[in-house]
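Worksheet: the structure to be examined is printed underneath.
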Amino acid sequence: MKLAHLSLFLLALHLSSSRSPSASDLPQEELVDQKCLLQKYTHRSCNKVFCQPWQRCIEGTCICKLPYQCPRAGTPVCAMNGRSYPTYCHQKSFECLHPEIKFSHNGTCAAEGKFNVSLIYGRTKTEGLVQVKLVDQDERMFICKNSWSMAEANVACVDLGFPLGVRDIQGSFNISGNLHINDTECLHVHCRGVETSLAECAFTKRRTELSNGLAGVVCYKQDADFPTSLSFQCVNGKHIPQEKACNGVNDCGDQSDELCCKGCRGNASLCKSGVCIPDQYKCNGEVDCITGEDESRCEEDRQQNIPKGLARSAQGEAEIETEETEMLTPGMDNERKRIKSLLPKLSCGVKRNTHTRRKRVIGGKPANVGDYPWQVAIKDGQRITCGGIYIGGCWILTAAHCVRPSRAHSYQVWTALLDWLKPNSQLGIQTVKRVIVHEKYNGATFQNDIALIEMKMHTGKKECELPNSVPACVPWSPYLFQPNDRCIISGWGRGKDNQKVYSLRWGEVDLIGNCSQFYPDRYYEKEMQCAGTRDGSIDACKGDSGGPLVCEDINNVTYVWGIVSWGENCGKPEFPGVYTRVANYFDWISYHVGRSLVSQHNV
């Protein structure tokens, strides 16, 4: 029986260690993660994407900020209702709450005329060549076809009142024989795709010999198509060809075709979080993958002369032109990025001093000063009974089974401790103000095994001072780390052969996927995380409870991914350790400690 259990464990590790496949590795129907699709993620799902700067993340969804929550720095903008707003963020926040109030133009509302987009030469109201009239321009102008992609077409259709966006950009239109137009007279437009009006996009009048016609669009109506076995159903109800899913192009309009991918086709790259982004988003100065890899190693790539983000892709992205003339409107994308840069920034997960990374040693190794500055010990009476994790301010994260609210007065939090028989000079001792145990904690099943400890501030102080501690970051998304990622556990728990351990020790473990096969009827995947090694030599044990399972992202920022919770037969390979999955409790944590203390993004 044990042999079978061990075989299951090794198989799980093997499956976890398989590399992320490219689109060429997978049949077309297997590019999409069907289990992920059940979550119905869209461009408003902050488990998968960053919220816009006029939104904030609440319970996994990007919701509208109130205008006063926007940064004040910026220049005025005018909306289609003729009202001026202090900044672009204020207008977009107001529009988020009142979608009919769209952006018109930069500056005050003194300019003559309004921005307008219309369709002409279509056989129905849903299609035609696209014409725009810019503010302070006297005439309507067509859009050049070679600057037209799904990004621009989706924005145009939404602007025209078709919330599901575009159906096709290759329509056949009844163009009048009286239409005499030189291609050089059309406008080039560039949108990112998150805009709600073409007025927010950049318009340029260019002289070009590369134009191959005028841009047209067929907008999507709710009853436009019936689902087939070869269609992909978007979360918004739209149906697109299956081969358009996971290609880095937002064909759905709500991005749901790009958020649950195992690989990407075409000119797209796969984020570790299962999101396909266009190749030109890599190394463009803005982080698009929530896991950050699209902006890592950029300097190295530049040194190897690998151009990224310089030209737009074949899915309708603009060709490099030989001659340019005037910029008519600059677009608001740079302003969106600037607003993002003004949002509050949180410092966490970065050690003050850097030690040389040591190779993994079987059985773990003693830690040095500053190695794990978020690790704390919880002392109850005369004994250190559990570990904990400092997350900032006066707050410690630990396991619910470690503490009781009624005993808060008897606990002490020891910070920067290395050896509890030989206290080091950096040691700090904090008393406890209160203990908050998750209201749905179940001591029999270890569900919701999470608690918060609030430390007392010293007399006359307005905040807790822990000079030798650094908070670990709190993860907001369950997709920041994946099975087979190598992470670190630390603590003062029992060692080999149940020996007492007095010095802080650490060890590397691999995250494991669903552990229901090892712990039938006891493992709850949403709330729990398994981790271990092939030989069981690194494991959390008695006394480590409440301590950290931390993972580093690609930028070496440390997140508390798990809290030591439970397991069986410490150090046995067929019994991996089970940890409370912290990302599942981000909103619970932020509710008690305050969002500003733990929110890195989407604030």
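Placed from the backbone N, Cα and C atoms, the Cβ positions cover glycine too.
Swiss-Prot records a disulfide bond between Cys276 and Cys264, which is the match among Cys264, Cys271, Cys283. Between Cys487 and the candidates Cys541, Cys551, Cys570, Swiss-Prot annotates a single disulfide bond, the one to Cys551. Note: Swiss-Prot links Cys234 through a disulfide bond to Cys252 (candidates: Cys252, Cys260, Cys261). The record in Swiss-Prot pairs Cys78 in a disulfide bond with Cys109, which is drawn from Cys51, Cys57, Cys109. Of the listed cysteines Cys260, Cys261, Swiss-Prot assigns the disulfide bond with Cys246 to Cys261. According to Swiss-Prot, Cys402 forms a disulfide bond with Cys386, chosen from Cys386, Cys394.
Within the set Cys46, Cys70, the cysteine that Swiss-Prot bonds to Cys57 via a disulfide is Cys46. The Cβ neighbour count for Cys62 (disulfide bond), using a 10 Å radius over every protein chain in view, is 21.
Highlighted: of the candidate stretches 117-217, 218-262, 263-299, 117-217 has the greatest count of Cβ pairs under 8 Å to the domain 'Kazal-like' (58-111). Of all the recorded positions given, namely Cys64, Cys78, Cys260, His401, Cys402, those whose Cα is no farther than the 10 Å limit from the Cα of Asp449 (active site, charge relay system) are His401, Cys402.
Candidate disulfide-bonded residues: Cys64, Cys70, Cys89. Nearest to Cys261 (disulfide bond) by Cα distance: Cys64. In the structure shown, the C-beta of Cys252 has more C-beta neighbours within 10 angstroms than that of any other entry among the disulfide-bonded residues Cys64, Cys78, Cys252, Cys260, Cys283. Across the fold, the C-alpha of Cys246 (disulfide bond) and the C-alpha of Cys89 (disulfide bond) stand 30 Å from each other.
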